[in-house]
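Notes follow once the structure below has been shown.
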């Protein structure tokens, strides 16, 4: 600032700096500085300094006052927490005074200072505060306290786009709309000079109209003049991060706004496909796919994505040098994907959104997920012993969008005291202010009068409503009267019904007496039955004696003793059951006697109840008479009420006439007042104009000011007098209207009193009616209770009858059981002898089954080898056929060349030509014969294939016959094949030799004829007729040749079709063979289990000798484990979760079943060879960062060879080629560079290997998944152990499995680790690093595991 400037200009500039919200020394910033100083100094250790203590004692009270006056968190009511992040949370709040709804974001100061390298709160505040864009969430207020920063933003009730994509399948039309809005929003941020760096659906919010706005600018960074950014940390979400941002980790990152357009491409792909393009379950997998995006970006075949959409996605997901949007937004807007007829780029915000949220209130949070309460303790700043300045980084954060203090004032007001003209102007202004105040008062009086008129109108409306209510009440009374008459008729009807019911009850009582007499007779019968049961007991005792004798006889027998003892025990049990039945019969007799006594008591009670009912009936008749008398009196009162209502109606009509008259007068008054107001307004306008004229004259002439002033004052006084008179007249009229209103109020009160009297009478009548109805209901309830009791007694009598029938049936069944027992005793001896023979037969069957199982295994192996040999032979035959076709084609080409050479010498070599044509016909006939022979061979092959398929089906039933037939068929087939091959070879050799000799002869003859001297003379003598004949013959020969060629081509097509059919049959046979192999594997595991059971039986009973330990795998119980495990469903945990499968681990296989029913049917979905296992290990959070934290301790990983897998054809796709990635070899490890944003520790030094925002450079072995710091390799530290896993990564696969608990996971891992073979599988020894092509992901995604093709089982 120049020293020549006056103090006033300096003060003006300072004032502007204090008022400017973007200034670093505005008033809020200065207040924040004072507040921060007080917070940072107000500690006991610091107050020992006198200067600090004096400062606090001077400013602490004033700062506390300012804190109370400024905005604070207590000004808002918290409705709900709608979001939570690394630095704090987002709350839905309502302002207590204005009742407006906002979204308030809380940021912890402690967390932001702790992670200062990744906290960009200043950028977030500035973008939301000063963006002034409809595509950015607006910031209204920003304030702070000692623990938090608060940002009060507009509430977006539509939720984020993640919620929308989870609720809807997004069509391409919607995707076009939302992508266009994201493009415009990012353009707004880029135009402010910022890069977002974390564009994802979570940060795209929808307002109440469904339009999109960007939020969460905590990762934004300011661009330099060249539009670039320098950063050495990889900021963003793994799925949406660009390759250039990934490369910036640990190095000198230098990139521009094109990194945001990459995220837009990922977002568009996710909307259309439903998943991100570089999805993987581990961070290593996602990062390696992003770096290898040229090969890993693919589109699914089942999604109908347009070419324009694919083109746009590919244009976004490319290298930054060629990426769309690098040269500006206009090239994105011009893309064909955004062409449509529904909206334009300029009117996009005004169009209707595809999804408009349905909101119930201004605090509707249905589009946000419910969050659990954060129960963790919040960290705060520790009490310092010296000055730290924890509050200083946040000075100036406070922001108010509508600042009112330090409002603009005219700075030139202080200069007016110097000149006399300015003093006159001030005096005039004062007078003008006074006049304006008077006008303002008059306007207030006018408003008061209008309010009084409105109140009178409101009162009149109330009176009209009350009159309407009186009419409704009168109608209700009439309806109640009609209801009372209806109830009277109902009461008479009920009385008649009660009389009928009383007669019915008398009849029922007679029936009950009859039933009681029948029950007595039934009891006597039951007593007789009990006597018969005693006879049955005597018979039972005789049977017991017989049993004892039979037992003595059975004891004498040596081998039959065991079975007869069992039968004896069974008989004793049956006898005990019979005894228990007798006891039950006795107890039932007692129950019947008790029930008889109870029925007698009930009978006496019923008699007493009947007498009481007779008395009540007489009382009811008296009550009915009283009710009839009351009804007549009520009818008279109703007539009286009708007469009173008619009077009220007349009074209401009079009041309505009075109201109409008052309304007319009110309207007239309103017209007069409006006319006067208009005239006053016109006069005011004239005065304002005159005032302006006087102001203009004041500047020219100072002398005429006083005269104009006096004239203006006189005119204003006259006008004020006129206005006062008009006001008095208006007040008089208002007084008259108020008098009329008071009269109407008096009439209203009278009518209300009458109404109250009528309503009181009505309520009394209603109470009496209610009492009568209650009495009637009580009587009806009593009657109903009596009826129910009678019904229960009748039901009990029916039950007694049923019990009698049951007792009789049981006695009959006991007698039959005795007879059966006697019959069974006789048959037991016969059964024992038969059982001995069956035992011997079973032993023979066991030995035969063991022998059969060994034969079955050997036969299955032989059949497998034979099938493989036959498949190879078929392939060889196909190749031989193709070779033969090629030789035939060459022979035809040679014949064509011969024909052309012969056409040159057609006149000279007629004889030779005819001979050659004959030879060509012979060759054609020979070719036909050969083709027919080949057809026969193909048919034989087909027959052999059909025989093979039949043999495979008959394998299970007739193993011995099949092997003999297969051997005979093979021998015959080999002999025929050898003979055919030898014959074909000899024939072809002969043909070739003859054709060669003929060719040499023809050439020699041609040479001789050409060298003859007589050739020219004979040539001239040749006739034209001979030439024509030869031409005709040549044409015929050409036609025949063409026909032969067509026939040959047809034969080739036919054979090609047959070959294709054969190949299709081979594919079907392979699939069928695959299923058979899987079923065989499951059967083998079942056989192992059965053998183990047989071994247990042999140990306990020693029935027969079993096979040797080599055949049965002596440790079968230990080698087998089974249970429920979960596999990734469709290869995507994030969208589809886990799929449960029943897993069985036998000694050789791992079997996966969809359910237990498939296990019983031996129908596995996948089989793995244990011999092909490489590695089994528990996973870490970095391997499966998409899984929930609770599931990670339960997950483990299996690595196996491609050939060790055999699965159904449900989810198969070709094996993807290994992705080329740079890796480092060290001690057998193949390390891939990666970063960990989730908890992980170094396996070498046990130090943390992760960080949320700035993780250290790390390495992970893609074989054994060992993790370590990159520094260990760079510094050549000998801390890393050699790799324990040796296999070729290109030929290996992995699978993730989820156990039910952590203990189950440990059990599965320990069991499978024991199963891993010590030597690697053949063909999978570690390859050299030079020739090895690696994949980019150490931990393959779930999708690849599910979709890989089924490998061959060993």
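Just so you know, glycine gets a Cβ as well, placed from its N, Cα and C.
Binding of ATP is attributed by Swiss-Prot to 82, 83, 84, 85, 86, 87, 88, 89, 90, and within the candidate set 65, 72, 100, 105 the record adds 105 to that site. Within the set 57, 633, 1105, 1126, Swiss-Prot records phosphoserine at 1105. For the residues 422, 647, 934, Swiss-Prot attaches the annotation N6-acetyllysine to 647, which does not rule out the feature elsewhere. Within the set 959-971, 972-984, 985-997, 998-1010, the record from Swiss-Prot flags 998-1010 under the feature region 'RHOA binding'. When 242, 1328 are compared in Swiss-Prot, the phosphoserine annotation sits on 1328. Counting only residues at least six positions away in the same chain, the Cβ atoms of 90, 371, 374 sit under 8 Å from the Cβ of residue 84 (ATP binding site).
Looking at 82, 86, 90, the binding-site residues in this record, the fewest other C-beta atoms within 10 angstroms of the C-beta turn up around 86. In the three-state DSSP reading, residue 86 (ATP binding site) counts as coil. Same-chain residues at least 6 positions away in sequence with a Cβ under 8 Å from that of residue 647 (N6-acetyllysine) are not found in this chain. The 10 Å shell around the Cβ of residue 88 (ATP binding site) contains 21 further Cβ atoms across the protein chains shown. In the predicted model, residues of the region 'SHROOM3 binding' (707-946) average a pLDDT of 72. For the binding site of ATP, formed by 82, 83, 84, 85, 86, 87, 88, 89, 90, 105 according to the record, the largest Cα to Cα distance is 15 Å, rounded to a whole number.
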